[in-house]
Amino acid sequence: MSTESMIRDVELAEEALSKTAGGSQGSGRCLCLSLFSFFLVAGGTTLFCLLHFGVIGPQREEFPTGYSIISPLAQTLRSSSKTSSNKPVAHVVANLSTQGQLRWLNTYANTLLANSVKLEDNQLVVPTDGLYLIYSQVLFRGQGCPSTHLFLTHTISRIAVSYPSKVNLLSAIKSPCQRETPEGAEAKPWYEPIYQGGVFQLEKGDRLSAEINLPDYLDFAKSGQVYFGIIAL
């Protein structure tokens, strides 16, 4: 109910009492009722103003300066993004000068061997036990399609300390040619990238290799198109 409605109701009540009450006794009662109504209206108006302008209301929980509420999901994401600088990591690229074979190098720009990871015999050597992200990409390029089927393979293998036999961790095969290029037709160039990646539990001393079956088709036109790496998680 608004303040104007309350005042109007009080006035109507006073008028009704004035008509029915008589003598000094009636006047006294009207005076008491008027005073009571005045204080009631004044109190209601004051309470309305205090609530409207937020002077009083539900108590709000206060926190020290600089303290923020973070959801459990946000805390998990924040902690997982803080990777330790002493974790093993490696990123090597293909040697562009070794046509006809895939040889990995860590001496080019944007390559990395950190925290005890080694590159030996064209293999990455794992320095500590743990979970690792293993990834590799190769890019094949050709001109036209031969009469025989052309299959391109890319395999990431592991030679474990506990089981010294080569085991394929990731493997992919692609065929860029659907049919032979007709005799006399223009031999159009084709490109076929293969990317692979996965997370594996590795042991200290494990050796990892990334190999292909037809290195003559590798595209060495630009550095960074063919690479191999691991990241400790």
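Glycine residues also receive a Cβ, built from the backbone N, Cα and C atoms like all the rest.
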Among the candidates C49, C145, the one bonded to C177 through a disulphide according to Swiss-Prot is C145
Between N95 (N-linked glycosylation site) and C177 (disulfide bond), how far is it from one CA atom to the other, in Å? 27
